[in-house]
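Novice: Quick one: structure below, then a few questions.
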Amino acid sequence: MDAVDATVEKLRAQCLSRGALGIQGLARFFRRLDRDRSRSLDSRELQRGLAELGLVLDTAEAEGVCRRWDRDGSGTLDLEEFLRALRPPMSQAREAVIAAAFAKLDRSGDGVVTVDDLRGVYSGRTHPKVQSGEWTEEEVLRRFLDNFDSSEKDGQVTLAEFQDYYSGVSASMDTDEEFVAMMTSAWQL
């Protein structure tokens, strides 16, 4: 294990100590920091952003992380690749149940889930904001999709985005049985 791997392990542990939303919260926070929508951060932005969240990296660690995930030689890290590396690996059982849930949602079978795909399996009619007239059912479906739609809010969720979302959830669950039961119940598999 090299110094950057050790740094990633340190960050992963700090994130996981924050519970289910540790890595997901970090992802949302970094996307807000990325004001130019380049999907990248330099070492100073990374270090400052982590510090705001109470996660500590020294300058050398931040620079090492940026070098590892610098895909184009610009001196910045690729945000999505970095966040993916922070998430712990998943077992085959977890990957399989995520794929099964995605397949159920992808009614058209084209490899992406859209609002049209959701209409048959998710109803927003009973959502409190629909009931109050504040949102339409279409808005509820779109906002639901946005939970999974990671980089570009294009109204389409790929299997990779779905897996990324659930790898963050998976990190907070100790056993495969617990995770599989949650997914099976949530998606009526």
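Cβ atoms are placed via backbone N, Cα and C, with glycine included.
In case it's useful when we look at the structure, here is the feature table from Swiss-Prot:
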- Asp34, Asp36, Ser38, Ser40, Glu45: Ca(2+) 1 binding site (BINDING)
- Asp70, Asp72, Ser74, Thr76, Glu81: Ca(2+) 2 binding site (BINDING)
- Asp106, Ser108, Asp110, Asp117: Ca(2+) 3 binding site (BINDING)
- 21-56: domain 'EF-hand 1' (DOMAIN)
- 57-92: domain 'EF-hand 2' (DOMAIN)
- 93-128: domain 'EF-hand 3' (DOMAIN)
- 136-172: domain 'EF-hand 4' (DOMAIN)
- Ser40: phosphoserine (MOD_RES)
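Locate each feature and note its surroundings.
Specialist: Look at Asp34 (Ca(2+) 1 binding site): DSSP puts it in coil.
Asp72 (Ca(2+) 2 binding site) falls outside any helix or strand according to DSSP and counts as coil. For Asp72 (Ca(2+) 2 binding site), applying a Cβ distance below 8 Å and a minimum sequence separation of six or more within one chain yields no residues.
Secondary structure at Ser108 (Ca(2+) 3 binding site), taken from DSSP and collapsed to helix, strand or coil, is coil. Its Cβ placed at the centre, Ser108 (Ca(2+) 3 binding site) has 10 other Cβ atoms within 10 Å.
Restricting the average to the domain 'EF-hand 1' (21-56) gives a pLDDT of 79.
Note on Ser40 (Ca(2+) 1 binding site): other Cβ atoms within 10 Å of its Cβ, all shown chains, come to 24. In the three-state DSSP scheme, Ser40 (Ca(2+) 1 binding site) falls into the strand class.
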Novice: Over the span of the domain 'EF-hand 4' (136-172), count residues by DSSP class, listing helix, strand and coil in order.
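Specialist: With helix first, then strand, then coil, the domain 'EF-hand 4' (136-172) has 22 helix, 2 strand, 13 coil.
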Novice: Sequence gap of 6 or more, Cβ distance under 8 Å: name the residues on the same chain that satisfy this around Asp36 (Ca(2+) 1 binding site), in order along the sequence.
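Specialist: Same-chain residues close to Asp36 (Ca(2+) 1 binding site) (Cβ under 8 Å, separated by 6 or more): none.
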Novice: Roughly how many angstrom lie between the C-alpha atoms of Asp110 (Ca(2+) 3 binding site) and Glu81 (Ca(2+) 2 binding site)?
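Specialist: Rounded to a whole number, the Cα-Cα distance is 24 Å.
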